[in-house]
Amino acid sequence: MTSSNNSFVAIFSLLLFSTMQCHAQLSSTFYDRTCPNALTTIRTSIRKAISSERRMAASLIRLHFHDCFVQGCDASLLLDETPTIVSEKTALPNLGSVRGFGIIEDAKREVEKTCPGVVSCADILAVAARDASTLVGGPSWTVKLGRRDSTTASHTLAETDLPGPFDPLSRLISGFANKGLSTRDMVALSGSHSIGQAQCFLFRDRIYSNGTDIDAGFASTRRRQCPQEDQNGNLAPLDLVTPNQLDNNYFKNLRQRKGLLQSDQVLLSGGSTDDIVLEYSNSPRAFASDFAAAMIKMGDISPLTGQNGIIRTVCGAIN
């Protein structure tokens, strides 16, 4: 009994140590000596991209999110298809909608000029998401660094682990909980839908449903660009009021039954998240603070650190 208890304690201590070690290795000062200009170089690239296309801010935040939810924040999403890799880019939640890969490659190329082989693509994704937020009026936060890049991708996990636009509230809550994120984190992160656009086929059922959970005038407006047949790829802003500003307007829209996606409006539908939506709709400060905290938590999902993973030279390929 004693021996098995000792074994249990030893295993538990080892697990605890490895968990602590993993998070200890992520640090905001990780590149201070090895690549002191990394963050400035990345920010310059991201600013240039967003100034030429404001929508890119939403795309870059989404890239980080879709990366972290599959195998952790390891830049697996960026890997292209090869004979040995089935790319996550072709998984249903990503296909034809995830974009901004070229922007990350541009930032990586600039960083490589001054610090070859030092800064990971996974860290560039994390920094780009923060910079994107600040450039469209959203909150800033201190990005922890030191992630390394995967040598594998998981098309299968991308199909199963990413939340979908038709998900009921229970599935959204459990999907985020599986990644160590609370219900409050989930609602805060959903606020990234204050920017960006969605394709017609993702909200068509909702705007033609004549349901009680959608404003009739809003549905009518959205139908103009989204007919019942065809034109699946027509885009509509997720937030009609301030489509290029990361703010709490998304939550005000939900109060007026003007959430574009079913998975947006379900956050205010008589369930456990109603109070959080109401709080954020009334308090830009509470939303901004919780969004920043949730982004930091999301960036902590299963990073590769130490000797695990690699530093890719080009983000779309293994060295």
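Using the three backbone atoms N, Cα and C, a Cβ is placed for every residue, glycine included.
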Item to complete: Have a look at TrEMBL and say which candidate in Cys35, Cys68 forms the disulphide with Cys73.
Response: Cys68
Discussion item. Identify the disulfide partner of Cys35 as annotated in TrEMBL; candidates are Cys22, Cys115.
Written reply: Cys115
Worksheet, complete the sentence: Note on Ca(2+) 2: the CB centroid of Asp239, Thr242, Asp247 has further same-chain residues inside 8 Å, namely Ser194, Ile195, Val241, Pro243, Asn244, Gln245, Leu246, Asn248, Asn249, Tyr250
Fill in: Cα-Cα distance linking Gly72 (Ca(2+) 1 binding site) and Asp239 (Ca(2+) 2 binding site), given in Å to the nearest integer
29
Worksheet item: Based on Cα coordinates, which of the following recorded positions are within 10 Å of Asp74 (Ca(2+) 1 binding site): Cys121, Pro163, Cys315?
Response: Cys121
Worksheet, complete the sentence: If we take the Cα of Asp67 (Ca(2+) 1 binding site) and draw a 10 Å sphere, the disulfide-bonded residues of Cys73, Cys200, Cys226, Cys315 inside it are Cys73
Discussion item. Rank aside, I only need the closest one: which of the recorded positions Cys35, Cys121, Pro163, Asp247, Cys315 has its C-alpha nearest to that of Cys73 (disulfide bond)?
Written reply: Cys121
Discussion item. Run through Ser76, Thr242, Asp247 for me and report the binding-site residues whose CA is within 10 Å of the CA of Cys121 (disulfide bond), in sequence order.
Written reply: Ser76
